[in-house]
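What TrEMBL says about this one:
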| type | residues | note |
| --- | --- | --- |
| DOMAIN | 95-330 | domain 'Sulfotransferase' |
| ACT_SITE | 104 | active site, for sulfotransferase activity |
| BINDING | 104, 105, 106, 107, 108, 185, 193, 310, 311, 312, 313, 314 | 3'-phosphoadenylyl sulfate binding site |
| DISULFID | 293-305 | disulfide bond |
Ligand SMILES: Nc1ncnc2c1ncn2[C@@H]1O[C@H](COP(=O)(O)OS(=O)(=O)O)[C@@H](OP(=O)(O)O)[C@H]1O
C-alpha cells in the first residue's frame, strides 16, 4: 500500500491482467491524495470493498489488459479503459471462444489451464459483458481483450452467462461462430459450493437446509434460490439451443477436470481446433491443496495452484436434505445427459 496522487476523478474499479494489480478510485473523493491499494490477486479474483482507484500507480509496463467490475455501486469507466494502451504485438479481437458457465463448476481452473497454451490469450477477470455491462457496447468489450497474433484465440470466462436469458442472443449477435464451453459439476455439490462462497462473504445467512426449502414440512424445494436454480442445467441449455447448435457447445466435466485435468484439456483443445499442447506433463497433484496444480503457470517458471477461494471446505449438510436434492435434480440430470450425449454420472 502506498500513497499517490489521483489526476482524474473516476468512479470505477479496474483489474489489470498479467501482473495482477488492482486499483480503485474512491467515489466522491474530495482530496487529491489517495491511498492506492496494490495487491497480488489471484487471476481475476477481486474481493475488494474499498473503492479507491489510483491511476498514477498504473505503470504502463504493468498494463496488459483491463477488465471488470463487480461491486454494484461501482461501474466500469469506459473513459479509463480507453486511456490504456496495452503493450505487446498484435491487435485486440472479440473473443472467438467463451467459458459461459457454470458458476462454481471449475471455470477458473479451466481458464488458468488453458492459458498455458501459446495459442490462447485470455482476459484474467470476468468481464460480465453479456449480462451486466452490455450497454457499454462491443468496442468497450474488445478493448478489454489482450492483443493477439494471427492464429491465436481470444477467450474470457464469465460463469453467469450460462443462466442469463439474454446472453445467447447477444453472443450470437456478436458472432454466430462463437465457441461455447460449459464446465458442469454435480448440481448438488455445486449448490453447496455456491452457498459456501456466499457464507464466506456473509456469515450471517440462514443455513443451507433452510434456504433449500420453500416449506421444509412439505419438502417443497425453493427453485427460485439461485444456488438451486443454476443446477437445472437442462433448462438453461434449452435457451442456448435456440441460438447455437449443439456441436458449438462443449461440456467439460468439473469432476474430471479434477481427477484427470489433462484428459479434459485434451477435449477442449480439440474443440478449439488447437494442437494438444497441454498434456499430463503440465500437471501435478498437490496433496496439501487436494487439487491438481500447474507445474508452471503461464508466463512463469513456478508451480501454480489456484488460490484459497478455490477448493473451500464445505459445511456438513443434513444427509436427508442432500438426498432430497439428489431426487429433485435426477430427472433434470437425465434430460441433460440425453441432450449432451454425455453421461456425467452424478446420480451414481
Ligand atoms: N485445480 C483446481 N484447483 C482448485 N479448485 C478447482 C480445481 N479444479 C476444479 N476446482 C473447483 O473449482 C471450483 C470453483 O469453481 P469456479 O472457478 O467455476 O468458481 S467461480 O464461479 O468462478 O466462483 C472449486 O469449488 P469449491 O471446491 O467448492 O471451492 C473447486 O472444487
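Note that Cβ sites are derived from N, Cα and C of the backbone, with glycine treated the same way.
Distance from the CA of residue 293 (disulfide bond) to the CA of residue 108 (3'-phosphoadenylyl sulfate binding site) is 12 Å. The most crowded of the binding-site residues listed here (193, 313) is 193, judged by how many other CB atoms sit within 10 Å of its own CB.
In sequence order, 283, 284, 285, 286, 303, 304, 305, 306 are the residues near residue 293 (disulfide bond), counting only same-chain partners six or more apart with C-beta under 8 A. Note on the domain 'Sulfotransferase' (95-330): its mean pLDDT in the predicted model is 97. Secondary structure at residue 293 (disulfide bond), taken from DSSP and collapsed to helix, strand or coil, is strand. Spread of the 3'-phosphoadenylyl sulfate binding residues is 18 Å (greatest Cα-Cα distance among 104, 105, 106, 107, 108, 185, 193, 310, 311, 312, 313, 314). Other Cβ atoms within 10 Å of the Cβ of residue 305 (disulfide bond), summed over all protein chains shown, number 20. The binding-site residues 106, 311 differ in how many other CB atoms lie within 10 Å of their CB, and the one with the most is 106.
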